[in-house]
Amino acid sequence: MDLSLHVALCLGMLALCLAMPPKEKQVRWCAKSKSEFSKCRDLVNTCKNKEITLSCVEKSSTDECLTAIQNDRADAICVDGGDVYKGSLQPYNLKPIMAENYGSHTEPDTCYYAVAVVKKSSTFTFDELRDKRSCHTGIGKTAGWNVIIGLLLEKQLLKWEGPDTESLEKAVSKFFKASCVPGAKEPKLCQQCAGKKEHKCARSNNEPYYNYAGAFKCLQDDKGDVAFVKHSTVPEELHKDYELLCPDNTRKPISDYKNCNLAKVPAHSVLARARDDKSKDIIAFLQEAQKTKECKLFSSQHGKDLLFKDTAVSLVPLPPTIDGFLFLGAVYYQEIHALKEGVKEDDLAAPSKVRWCTQSKAEKTKCDDWTTISGGSIECTEAATAEDCILQILKGDADAVTLDGGYMYTAGQCGLVPVMGEYYDLDDLTPCQRRSSQAKGVYYAVAIAKKGTKVSWKNLRGVKTCHTAVGRTAGWNIPVGLITNETNNCDFASYVGESCAPGSDVKSNLCKLCIGDPAKPLDSAKKCSPSASEAYHGYSGAFRCLVEKGDVCFAKHTTVFENTDGKNPAAWAKDLKSDDYELLCPDGSRAPINDFKRCNLAEVPAHSVVTLPGKRKPVVEILVNQQSLYGRKGFQKDIFQMFQSKDGKDLLFKDSTQCLLEISEKTTMQEFLGDKYYTAVTSLNKCSNTKSGLLSSCTFHSC
């Protein structure tokens, strides 16, 4: 082909490509009934978006919609907590991306109350529900099934030995006289439903008694004696005719739902595929739709609670890291699981082992050694970071881990409790000799600099800083919190120069000094990781960063002593002298490194072992036993030592730990951390750019 013709053809094709409009973005909403599909078609016409088009996919049930989204034949649906649980599991693998807000635009409320509504003319109490006629929103739904059935089991009013004996539906059908539970397979649970032919007992609006309004209509029509719905279901003009049935066997007015409810539960949420980025388009479309006056997301001429609940005032985007488990919360998630799988005898028995979460290969190696000599009392799990360990414990995949105060704050916000604290004071070992002691381990957060440099606490602007990790106490929360308060500036990265703060955005200024794994320089995934795979992570890592690159290092008061004067044989540390380093004091002066009690940034709580509240007792008992064997004064300390690290520093526990002290069961995380430190971390986390993804997920709502 002639060269000029070839060039002309290429240029023509290029021009054609450039002239073609970009591919149109589309959000396909799944409607699970004809009335929902009609509302969806209305929204197509009224919720116009210049960049994103809405289309509607009609299915006959929530399950069909979940399958359609999984198979990329639809993109989104708004469901209740029970379906969030189902959608988050295999094979669907969906995640919540937005939540309905029932509060106001300025004070969002993404929770609601599950209640039991009865007619005022009736007289029975909660404990007298047996043999009553019941109206439910739908099988597997939060207010209409999961909460009430879970509560009946908990109060032992309903007997169920588990799915191996009989189905839960069968057990419930024996408890109530007759019911309407849309979606149920047990005939007696569909007896009171009003749908015609194939629509009778359908888990969609094709069944008149489906959902909140439907369950209440079932009660109104005298097809039931009680309806399990949400706190806002009963119209205000009908409050005079109905009451709430309280679990304490009293009754209260409909308006007193905060003092008479079955549970406070997470809002309905929008589900989307977890594996792709379609979530961005869905969120963008819905945010724009809420600004359009003609776009009526939360009402419809075609019926009640179609696509979204009518009581919602807006849709709130969820933190990107949130999944079904974190959205629902550990307690509710496990309750739903128990309703699906039953409670096994093994779940009720006291654990005979502690599954310890490790955060690096070196920790796993030490833990494996511990497992071998523990007689089965210790097992090990693997995680990449402290936050991954917190998540493992929440999900029941691990039992315990030792955390720094910063991560303890996050753990507490996620529902874990402190059970044993590290104790460091070599000068007073009396507390280690008692089973219970009021003593509490503390250490000091300090700023370390090389002797002879001009840097001080008062002139940190533009200096190179080294941190243990984002979210940790001495290396981040204390220094960054103090600097943020003093400068009234949340943008710490712009205040200092280059930094290594493992856990930061790898492209940011806060990761510039990080080096990853020196043994694998081409593995960019290791750089700035909040784990041992980043050489500058942790106390020793932050100090190494100071030695090799930085101007100031934020660590604990023993860090210099543990890495100088021959204490650390690593190549980078073996020739270092402690006299070559000084402490930076908050008043702008400097002090010798042994003057930490006077010259420090804060006295902070010791690292602590955390676990779930229900596992506190076995974790403490096993650790007390293991400490008596392998602690500093252990009978078998020659075989293994819990508080020493052969192949690294501070593995599983800090090497300076003298013993573990039991923390009183009544001690809250806030009390253990101390009000001053707790308040400092809370203030620091108001800076959105410093708040971790897990913390954002755990604190998104309080239900």
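Cβ from N, Cα, C; glycine included.
Sequence annotations record features per position, and here Swiss-Prot assigns Fe(3+) 1 binding site to ASP80, TYR112, TYR212, HIS268. For TYR212 (Fe(3+) 1 binding site), the Cβ neighbour count at a 10 Å cut-off comes to 26, with all displayed protein chains included.
Here Swiss-Prot flags THR137, LYS141, ALA143, GLY144 as hydrogencarbonate 1 binding site, drawing on sequence analysis. Using a 10 Å radius centred on the Cβ of THR137 (hydrogencarbonate 1 binding site) and all shown protein chains, the other Cβ atoms total 33.
For ASP404, TYR443, TYR539, HIS607, the entry in Swiss-Prot reads Fe(3+) 2 binding site. Within the same chain, the residues at least 6 positions away from TYR443 (Fe(3+) 2 binding site) whose Cβ sits under 8 Å from its Cβ are TYR424, ALA474, LYS556, HIS557, THR558, GLU603, VAL604, ALA606, SER656, listed in sequence order.
In sequence order, ASP404, ALA474, GLY475, TRP476, PRO502, HIS537, GLY538, TYR539, GLY541, ALA542, PHE554, ALA555 are the residues near THR468 (hydrogencarbonate 2 binding site), counting only same-chain partners six or more apart with C-beta under 8 A. Annotated hydrogencarbonate 2 binding site per Swiss-Prot: THR468, ARG472, ALA474, GLY475, in sequence order, evidence recorded as sequence analysis.
The feature disulfide bond is assigned by Swiss-Prot to CYS30-CYS65 (among others), with sequence analysis given as support. CYS30 (disulfide bond) carries a strand DSSP state (E or B). The number of other CB atoms found within 10 A of the CB of CYS30 (disulfide bond), across every protein chain shown, is 27.
In three-state terms derived from DSSP, CYS56 (disulfide bond) belongs to an extended strand segment. Annotation source Swiss-Prot lists disulfide bond at CYS40-CYS56 (among others), citing sequence analysis.
Of all Cβ atoms in the shown protein chains, 29 besides its own fall within 10 Å of the Cβ of CYS218 (disulfide bond). The disulfide bond annotation in Swiss-Prot covers CYS135-CYS218 (among others), and the record cites sequence analysis as its basis.
For CYS180 (disulfide bond), the count of additional Cβ atoms within 10 Å of its Cβ stands at 33 [all protein chains shown]. According to Swiss-Prot, the disulfide bond annotation covers CYS180-CYS193 (among others).
Annotation comment: Swiss-Prot describes CYS246-CYS260 (among others) as disulfide bond. If you draw a 10 Å sphere around the CB of CYS246 (disulfide bond), it holds 18 other CB atoms from the protein chains shown.
If you look up Swiss-Prot, you'll see CYS357-CYS389 (among others) marked as disulfide bond, on the strength of sequence analysis. Using a 10 Å Cβ-Cβ cutoff, CYS357 (disulfide bond) registers 27 neighbours.
Mapped onto three states, the DSSP output places CYS380 (disulfide bond) in strand. Summarising the annotation, Swiss-Prot assigns disulfide bond to CYS367-CYS380 (among others).
Annotation comment: Swiss-Prot describes CYS414-CYS698 (among others) as disulfide bond, evidence class sequence analysis. DSSP assigns CYS414 (disulfide bond) to coil in the three-state reduction, outside any helix or strand. Neighbour density for CYS414 (disulfide bond): within 10 A of its CB lie 22 other CB atoms from the protein chains shown.
Here the Cβ of CYS466 (disulfide bond) has 27 other Cβ atoms within 10 Å, regardless of which shown protein chain they belong to. For CYS466-CYS545 (among others), the entry in Swiss-Prot reads disulfide bond, with the evidence type sequence analysis.
Counting Cβ atoms from all protein chains shown, CYS687 (disulfide bond) has 15 others lying within 10 Å of its own Cβ. Feature annotation from Swiss-Prot assigns disulfide bond to CYS490-CYS687 (among others).
Feature annotation from Swiss-Prot assigns disulfide bond to CYS500-CYS514 (among others). When secondary structure is read from DSSP and collapsed to three states, CYS514 (disulfide bond) falls in the coil class.
According to Swiss-Prot, the feature disulfide bond maps to CYS585-CYS599 (among others). DSSP assigns CYS585 (disulfide bond) to coil in the three-state reduction, placing it in neither a helix nor a strand. Remark: CYS585 (disulfide bond) has TRP457, ALA591, ARG598, CYS599 as non-local neighbours, by Cβ distance under 8 Å and separation of at least 6 in sequence.
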Listed disulfide-bonded residues (CYS56, CYS380, CYS500, CYS545), ranked by Cβ neighbours within 10 Å, top entry: CYS500
Sequence-distant neighbours of CYS40 (disulfide bond) in its chain (C-beta under 8 A, six or more apart): TRP29, ALA31, LEU54, CYS56, LEU307
Cα-proximity to THR137 (hydrogencarbonate 1 binding site), 10 Å cut-off, over recorded positions CYS180, TYR212, CYS260, CYS380, CYS414, CYS500: CYS180, TYR212
Listed recorded positions among CYS193, CYS357, CYS414, CYS514, HIS607 whose Cα sits within 10 Å of CYS218 (disulfide bond): CYS193
CB within-chain contacts under 8 A for CYS698 (disulfide bond), separation at least 6: LEU326, THR410, GLN413, CYS414, GLY415
Listed in sequence order, residues not in THR468, ARG472, ALA474, GLY475 with Cβ within 8 Å of the centre of the hydrogencarbonate 2 site Cβ atoms: ASP404, GLY406, ALA445, HIS467, ALA469, THR473, TRP476, ASN477, GLY538, TYR539, ALA542, PHE554, ALA555, LYS556
Cβ neighbour count within 10 Å of CYS65 (disulfide bond): 27
Number of Cβ atoms other than its own within 10 Å, given for GLY475 (hydrogencarbonate 2 binding site): 30
